[in-house]
Amino acid sequence: MSDLWGLNDEGFGDVQRPSPIGPRGDTIPEELLEGLNPPQREAVVHRGPALLIVAGAGSGKTRVLTHRIAGLLATREAWPSQILAITFTNKAAAEMRERVDRLVGEESRGMWIRTFHSACVRILRREAEEFGFKQSFTIYDSGDVRALIKRLIKERGADIQGLTPGGVSSRISMAKNELHDVDSWARTANLDNPLDAAFLELWRDYDRELRRANAFDFDDLISQTVFLFRAFPHVAAQYRKRFRHILVDEYQDTNAAQYALIRELTQPVSRTDLPDLRADLPGASLTVVGDSDQSIYAFRGADIRNITDFERDFAGARTILLEQNYRSTQNILSAANAVIGNNFDRRAKRLWTDSGDGEKIVGYTGYSGYDEAQFVADEIVELTSGGMSYSDIAVFYRTNAQTRALEEVLIRTAIPYKVIGGTKFYDRAEIKDAMAYLITVANPADPLSLRRIMNVPKRGIGPATEAALQAFADEHEITLRDAMRRVDEIALGPKVAAAIKDLAALLDHWSSQPEADPGELLRDLLSRSGYTDQLRRSLDPQDAARLENVEELVAVTREFRRQNPGGTLIDFLTETALVAAADELDDSGGQVSLMTLHTAKGLEFEAVFITGVEEDLLPHRISAQEPGGPAEERRLFYVGITRARQRLHISLAMTRAQFGEVSPAVPSRFLEEIPAELVDWRTPPSTVRPSPQRALAGRWRDEPRESFVTGFREPKALPKAPPKQFANTITEVRDNSGLELAPGDRIRHKDFGEGRVQAVTGAGAKRIAEVLFGSAGRKRLLIKIAPIEKLG
Ligand SMILES: Nc1ncnc2c1ncn2[C@@H]1O[C@H](COP(=O)(O)OP(=O)(O)OP(=O)(O)O)[C@@H](O)[C@H]1O
Ligand SMILES: [Mg+2]
């Protein structure tokens, strides 16, 4: 096999070498144990088949894992290639690698520190041909999956009423996470139920389409690896022999498929499966760390029983508890403990800290989501003028929709921020187009990507032509791409036929060069296909931004190649398909991080804001109907609270705009669970009636004026939808670039009224004015877009 995927250097050779126990002997160097408390130390030095570390948030679980890995390397008990460490996000993996590097030098190269998904992609790519796939398989993301299911539903028509793409895809996902395939599921289902029967047919079609397209969905990555190991014992044996030490972080969030994978990998290796083995090998040693109070992925099939049953499942397992928290102040910890104490059915933990009480938690109730956001911004200004840097601060929310008000206020206040996850770069239409070109080149069998770009930019290949191509492909049992090549055999107009031939030739040209530089390839594809030209010539101002985004993608591919010399298109696509939400985190940038509570797992910040602590948001409305839903939401709140080291802010609003409607909000039940003496509740600037400017501001931001005079207890009826002309005016087109401002100038701000400029810093589009307002105090404003006018 060629080393197209760069796998051969990854240690399968290493295991042929003699045992790595070297001249340095087997005691762990003292510097690796320094600064660890006794149970942490014990966890690092323990040797045995299975070790479980259960402990509350911030007690050093991840730190212990890192030191354990470093210990295994330093004592030469293991080659780097014999270690498999599983983290929850790629970001966490990168962080862990960095920490291990810091502890043991460059030794971690060749070691697998990966997420479940990325470890499985590696294995599947390596073994694909063993079970009838091509190495170049595509990974379908949730958008692709839904598009495919939507098409299948449409094709099958009326007999499956009641099935939606979203519903079907999450049901298939759940089943796959439970390690079901279509047939095993069929045996447990009640097929007299027409809906179930229809679902089953749809699932069957779906899987068939995936196979035809040489594609996997995300859940397949793990379940197919498990099936592969079960079906091919000699393949499983290679990996069992290779990975002698397996370590898993955030174990409470593993689902059945992931659990099965761990079981497979930790089985003993027998000479029957690997004849060149000198003697049978015992199973790998397994270390898992977790906290059942932080289990927040039940909706994806995570099962806390994986933790509670660990000792039963893994014979000879040892359990170590950690109780000292090194992250948060006592006030924050007390709040966390009190909240989680309301969940039944849990093993109580005594988490303590010796870092002192610290500041009280700050609470705030805004009139609206916008007002709440203003509070967040004001506090951030306060914290940073006290010496904290932006990157020490994070703002959490339950749903992505909540970012709108936050982002707007942060922009206006000139606070640099970064949204982690949400509408991601890779979700934008133009980026999906460009990626579709790349995927089509890499995997010519994939019709989904090919369909996406077939007529983008427009080249006269309409739906009828596409249908003709597809019919030809079906008839001859060839791929859509093959059909394009044989377009002469299909009765089509000469112009269309020529366009199809050109496109096929362009794609084939690059498909035949799998080792090409992805950056060069992308640039050439976009230019020769006419994609960039079409954006460049367009009169739509949005297209300028789209062009920038596409160019940004070219820059990303270049950067990829720089960091991975020789990295191929497949390598690039593998990386990008796996970019998880938390992975975009960039600590260097000095930006406030905005993210959902789910994304925040495992991370820590000096100061944390948890926003929207309201019924229907936290706990989320959907969770109320599900058994165990509110308890899971409480764990999510617990995860949020325990991310904070020094300062914690919790906030809510009296009214909340959602789905274009403004409705009264009710404080979350979780708020009452925090002991009152721990919270310093701040009141909004005006508790009776907001200033006219404020009311106006609300109206201008599509929240009707009425919302500002509505109290909690007796909400007045609120208008259903904002007037049309106010909808979507969030970022009003405004450009003050030319506005000259100097210290001493008087200005009027749409929300804050009159104020005096204290200082002007920055240049160009990033000029910032610091202004002292009579009622609102000191504010930092981005001059270019702030709603201000200069007073004479
Ligand atoms: N013995 C120790 N001495 C000093 N600091 C420590 C010690 N153990 C852990 N820490 C620090 O405490 C913080 C929390 O540790 P870590 O992230 O490993 O906790 P965790 O248990 O994995 O938390 P979570 O449950 O949130 O994932 C980190 O900043 C870590 O460096
Ligand atoms: Mg951790």
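Note that Cβ sites are derived from N, Cα and C of the backbone, with glycine treated the same way.
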Annotated stretch (region 'Disordered', per TrEMBL) among the listed ranges 1-28, 701-728: 1-28
Assigned conformation of Lys61 (ATP binding site) - DSSP reduced to three states: helix
Listed binding-site residues with Cβ under 6 Å from ligand 2, out of Ala55, Gly56, Gly60, Lys61, Thr62: Lys61, Thr62
Ala57 (ATP binding site): tally of other CB atoms within 10 A of its CB: 24
Other residues, Cβ within 8 Å of Ala55, Gly56, Ala57, Gly58, Ser59, Gly60, Lys61, Thr62 Cβ centroid (ATP site): Asp291, Leu322, Asn325, Tyr326, Arg327
All-chain count of other Cβ atoms within 10 Å of Gly60 (ATP binding site): 23
Cβ-Cβ neighbours of Ala55 (ATP binding site) (radius 10 Å): 24
Segment-level pLDDT (mean, integer) for the domain 'UvrD-like helicase ATP-binding' (34-329): 89
Chain-internal residues, separated by at least six, CB under 8 A from Gly56 (ATP binding site): Asp291, Asp293, Leu322, Glu323, Asn325, Lys349, Leu351, Thr642
